[in-house]
Structure formats: C-alpha cells, structure tokens
Amino acid sequence: MPSNSPAPDAPLAVVLLSGGLDSMVCAGLAQEQGFRVLALTIDYNQRHRVELDAARAIAARLGVERHVILPLDLRQFGGSALTADIAVPKDGVGDDIPVTYVPARNLIFLSLALAWAEAAGSKDLFIGVNALDYSGYPDCRPEFVAGFEDLARIATKVGSEGGTVTVHAPLQHLKKSEIAREAARLGLEAGDSWSCYDPLPDGRACGVCDSCRLRRAGFEEAGLNDGTRYGGG
C-alpha cells in the first residue's frame, strides 16, 4: 500500500489517469510530491475498455481525493484503431505514427484536466507522457507539453491574472524499465494497471501490440514481474 498520503491542506493537482502503467506512476509521483490528487479518467469509448476498471483500482489503492470518469465518445470521430473498426497492428513497434494514435487525444484530455483544475483552484496538471519508449505519438513530445503550458497561460483566468499553470510530465525522459522501477519504489501494484490495446476474449492482454511489447520489454529489463496475463506469444 503506498504511504505517500498528502496532508489534508496540501495543494490539489489534476492527474490524467488512463489506467495504464505510466498514468499510475504519475499519480503516485504527484502524491509523493505532496499533492492531493484529483484523478481524471476519460471514457472515450476506447477498444480496451478494461483500462477503465484499472483506473478505478488504481484510484482506490492510492486513496485519491476524487476520481471522475468522464464520458466523451470519440468513436463518433473515429480515425484510430482504438476508436474505430481498424485492426490493431501486431508486427512490432515501427518508426511511423501508428493507427493506434487517437487524433489530438492528449490535447483534448489536457484541456479537460485544465478545466477541472481551474474550477477546483488548482494550478498543477500531471500527465504520464513518455518520449523514449513509446509508439511515436506527436502529443507525447516535450514540445507538446511546453506548448500546452503556453496555451494554458493564454486561455485561463489564472493566466490572465499573471499566474501560471504547470504541466508536470515526470516520466517524459524515462525508459519503460525505469518507469517499472518507479512503480515498485512507490509501492504500487503493477498488476493494477493495464496496457494492452486489444485484449483477448478471455481477458488476457494480447502480448503483441505496441503497448504490450513496450511494457513486457520494460519489465523484463527491470527484472520485475508486471502482473499481467499475456496471450499471443
């Protein structure tokens, strides 16, 4: 059980909690840094809906201040293997932006997190983007995070009054193995999190999508058990 419970009068931070490993570690780090966590999970009608259950489990284990699961049906737009009837690639991590990229997803999600933060009187957002062991999504890059901070300064009441909004991306330059070790250091249960984009009918992770491959390799390099049941080899 994590032991980083913040003080009752600690500042609030909105943490995007997808239910994946990176977002779980991000929430744990926010607590370790002394923030009370407002966890925001977006139910965008994604293919891998099991990650919503993972987000609930993580929020409960961490004892966050509040956990909101916000419905936003991005299947109405499509354009991604996660939100449309497009096959999830199973042939390894490539160099091009894959079809699992959801158009502008992190921009949309951070905008919603910013709205909640402003309503709650918070000036801190946390997002678990990573620019090393990742699938090449453009909205995981450092320049995206820096650009969103600039946008938040222009678009919000706190910014217009001379304040700042900080977007914390503490995993941005970590390898997946380092993220796995952070989970262990924080006392988090890796098995609470979910990474697979295309779960098997029996509930196991496919084991061969980009996200599974990155997770498996990271935990193997770290010498840790990731608590996931895999199929697919």
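Glycine residues also receive a Cβ, built from the backbone N, Cα and C atoms like all the rest.
Pulled from Swiss-Prot:
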type	residues	note
BINDING	Leu17, Ser18, Gly19, Gly20, Leu21, Asp22, Ser23, Met24, Val25, Cys26, Ala27	ATP binding site
BINDING	Cys196, Cys206, Cys209, Cys212	Zn(2+) binding site
_Between Val25 (ATP binding site) and Cys206 (Zn(2+) binding site), how many Å separate their Cα atoms?_
22
*For Leu21 (ATP binding site), the three-state class that DSSP assigns*: helix
*Cα of Leu17 (ATP binding site) to Cα of Cys196 (Zn(2+) binding site): how many Å, rounded?*
15
*Name the one residue among Cys196, Cys206, Cys209 whose Cα is closest in three-dimensional space to that of Ala27 (ATP binding site); these are the binding-site residues.*
Cys196
*Gly19 (ATP binding site): tally of other CB atoms within 10 A of its CB*: 25
*With the ATP site defined by Leu17, Ser18, Gly19, Gly20, Leu21, Asp22, Ser23, Met24, Val25, Cys26, Ala27, which remaining residues of that chain have Cβ atoms positioned within 8 Å of the Cβ centroid?*
Ala55, Ile58, Gly128, Ser193
*Cβ neighbours of Val25 (ATP binding site) where a neighbour is any other Cβ within 10 Å*: 27
*Between the Cα atoms of Cys212 (Zn(2+) binding site) and Gly19 (ATP binding site), find the distance and write it as a whole number of Å.*
14
*Using C-alpha atoms only, work out the spacing between Ser23 (ATP binding site) and Cys209 (Zn(2+) binding site) and round it to an integer in Å.*
19
*Counting across all protein chains shown, how many other Cβ atoms sit within 10 Å of the Cβ of Cys206 (Zn(2+) binding site)?*
20
